[in-house]
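Copied over from TrEMBL, here are the features:
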COMPBIAS  295-312  compositional bias 'Polar residues'
COMPBIAS  337-347  compositional bias 'Polar residues'
COMPBIAS  380-389  compositional bias 'Basic and acidic residues'
DOMAIN    1-111  domain 'PX'
DOMAIN    145-202  domain 'SH3'
DOMAIN    213-272  domain 'SH3'
REGION    278-398  region 'Disordered'
Amino acid sequence: MWRLETRPLLVYMLMVKWNDLSEKLIYRGYPEIYTFHKSLKEMFPIEAGDINKKDRIIPVLPAPKWLDNQKSTETRQSTLAEYCSSLINLPPKISRSQLVRSLFKVRPEDENPPAQHPLKRNETFVVSNDKTRDNTSEISGPIILESYRVIADYSHTSKYEITLHIGDLVEIVEKSPNGWWFCQCDTKRGWVPASYLEPLDGPEESEEADPNYAGELYITTKAYKAAQDDELTLETGETIEVIHKLLDGWWVVRKGEETGHFPSMFLYRTGEKKEMVSEELVMRRQTPPPRRSTIRNAQSIHSKGRQRISQDTYRRNSRRFLQQKGGRPNQPRKTSKASTQSPLQDWNNRDNMPKTAGSSPGGELKGAPIIPPRPSPELIMERCTENTRKKVSVRKSS
């Protein structure tokens, strides 16, 4: 009898600040940093102390352990901080060598995901500017990554993605709200659609929130034509309500009384400042991730599939919610103040009410909206501001 155990991969995030003051976030594992360290010692044997130990200036970096515990990971955090700080303070022939620059250089898979609202992450600042050499570098704690299984073969469509095969186990570095997740599979790293992945402990996503039928107002940034019956067709600049944010990047939105799936990468929340994105980022964001329903030959390890809410259920619950609140989508909802009698319709001002044919003896109009009465001069003077009263008094006296 045997069982397969997976050990979580520890990845450190470093924010590298270059001479041009640009800051780039990169991901590096401890084994990769240690491999770089050995190559650096081979390239500079004198400075590594291989010829004479007294000449060593390259900092020491312990070899990675086969098994890590909580204490070793915490110790490694400060070790990496000291190592990076010493590394950038070495003579230029070492600190600015091609080998060092390649370690901190931004790779395609390090770049931000194709979304306007990436998740916040811990940061490590490694400064290479001569003016800030005295600053202390801080290394973030390691991240314990989640393991997911690939349910179908996926072929990458850009240099930022990776190809996966059914049954592969991947480590999730970042879950982007638009449905593209940054993953690592063996030595490969890149973006893959979340719809091709499933958790190991069950079919359901524990992080997925419940529907919010109150809705959040968003604006569409790009037109999309529905490809399936449960999707919505919307034009650019339309205001909609998001009622369910799904991790696969296909959110459920409400337009009027209709609901449907819509790619979240084409939405941004009202009231938020719309960030300017580079041309390259726009090119990478042209295509939404594929939906789970479009994947062929998907094979799950779970006997029960994921429980999905149908659009009929979304519409029924949405209408019931709006009826209970006394309003309809995209229409101003009546407040308690609107149902109360206005001061302008006070009984003392009843003589100013317009008389129309078909009105009842009680003064209520049938078949026509109530026309607000013209307030009497006394009521106007009672309701106006002190500044207005003074102006009226001046005109009367003149």
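Quick reminder: no glycine exception, Cβ is built from N, Cα and C everywhere.
Keep in mind that TrEMBL annotations are predicted by a computer and have not been checked by a curator.
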Folded-back contacts onto the compositional bias 'Polar residues' (295-312), same chain, C-beta under 8 angstroms, at least six residues removed: 149, 151-153, 166-167, 195-196, 198, 200, 202-205, 211, 229-230, 244, 252, 259-260
DSSP residue counts for the domain 'SH3' (145-202), split into helix, strand and coil: 3 helix, 30 strand, 25 coil
Overall pLDDT of the domain 'SH3' (213-272), taken as the mean: 92
